[in-house]
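Input: a single structure, listed below in structure tokens.
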């Protein structure tokens, strides 16, 4: 009787451990920020190593304040569309509002024909503009900037 | 600078998760889920065998068939998930299967203990385990139906206000209806009796109100983040933005007064506070809310005898052991836990019939007695894994509504466990609330299965690889358009 009692408890704990194992191996499978720095996903290690190269995009104002997205060379689409990299929930943003893309070692912002425009440090973005580190980009009520 | 890059190219959304390397594509992990479900069903069968052995009943192949039937039931649920939410989280459903199964075994075990008991009013004990099996089956049907008909959780946000109204009515209904349709059972007026069925609308209202609050907070988030005065390092909200918080508080107090249901009011207010906190990241809301709740609770304690009783039973159950409405129940629960000790008395070897309401509010005390601290801790860990996966899905899902709703649902289960286990172990005053998935009770089980379906839907949205956006008809920028001569028609 003692044996069955202990045996059941052991099995119960084995279930807990198995569930934790599932959880552990699942940690990296579904990351909310799809462009975040998963170890296996980082493509441009070289460019990221330069001291001045921007490594992440940070939201500094607006509803998403504090959100960070690691930059890995792929373009970043910003807007209200669900498939954007940064999905804005903002009445002043367009469905496809702006895009940040990398050319060489620099990042460029371009406006994708938004209704209310994209501003790079007060200047309205009409053609692709180079984004220096720490310069605010305003989209609707959201402000983002690149950081190293 | 080169020409603008066309919009459709690259499809930045899809490329990250899928195209880098096929090996890293998010796996559905449905196989893992099935294995874990089989493990859970095996454990439940083993628990049933142990109960039968310890109660010195004859073992037969029937038990194995029951175990297989249980596995079959959850295999159907698994197939529903496979069909309608293939990317859902693999750990949630097995945890639920184990909790529900253990609940069934313990309810059956209490049936055995109370078999043949004659109550003071002459009635005999009516076994309820079979009813609970039926409720489980109906719950899983509802679970599958929710997954089938709700292909995207965001559609819920559209019906936010409708849900809110329905939920509010459902929550208040038993409190205001006359006694013959909403009887007072064990001092709480939370049931509706329709024919032979009695339902607890508050359980469903919990989910409806959570949908409402999530939708409301997403659409009105700015309202809540507008800062008022700064005080003690917190941004206090402006006085006029406090309306919704006061409304929630009012409803809570009304539930406490009209229905004498402390547990539900605590649960409801806790959910509102957490949703507010998640939406705004302002500690001020939590502090204000807790202040309000404390104030309300103190006033309720001054005014109502049933609240005073609960508090007195909590402070010293043993000295009020013999009083009517005294500490008998909590004392028995504590005796049971003490008898269980570290390793427990063994399934089927305890004395759960000593605790009144052992199969609903105090079911965790029975588990604590028979499985001991070790088993009880495992049980709490299973709840924790469930909530953890829910919160993880909420973090990973990309729309604000899903985040709030997922976080709220996961928190609701967690908080409910805290309230009931806290009450049973005399950490907080006993408030009378069901343990999710464990306790006997149809409404609670059905509502919780809908809750699980919603969580799985959200986790499926979070884990599914992003579909490539539809190629949009490409239009060159206006500056690049050709100038065309148009002749005015004559």
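Cβ coordinates are placed from backbone N, Cα and C, and glycine is handled just like the others.
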Range annotated as transmembrane segment - as stated in TrEMBL, picked from B:371-392, B:459-480:
B:371-392
Ranges B:88-107, B:108-127, B:128-147: which does TrEMBL label transmembrane segment?
B:128-147
Remote residues contacting the transmembrane segment (B:34-51) - C-beta distance under 8 A, at least 6 residues beyond either end:
59, 63-64, 66-68, 70-71, 74-75, 78, 90-91, 93-95, 97-98, 101-102, 104-105, 108-109, 112, 346-348
Looking only at residues six or more beyond either end of the transmembrane segment (B:262-278), which have a C-beta under 8 A from one in the stretch?
171, 190, 202, 206, 209-210, 213-214, 217, 224, 245, 248-249, 251-253, 255-256, 285-286, 289-290, 293, 307, 310, 403-404, 407-408, 411-412, 415-416, 419-420, 423, 429, 431-433
Between B:159-181, B:285-304, B:437-458, who has the most Cβ pairs under 8 Å to the transmembrane segment (B:128-147)?
B:437-458
Counting Cβ pairs under 8 Å that sit 6 or more residues apart, are there three or more between the transmembrane segment (B:437-458) and the transmembrane segment (B:285-304)?
no
Sort out the residues at least 6 away from either end of the transmembrane segment (B:201-218), same chain, that have Cβ-Cβ distances under 8 Å to it, and list them.
156-161, 163-164, 166-168, 170-171, 173-174, 190, 192, 224, 244, 255, 259, 261, 264, 267-268, 271-272, 275-276, 279, 400-401, 404-405, 408-409, 412, 434, 443-444, 446-448, 450-451, 454
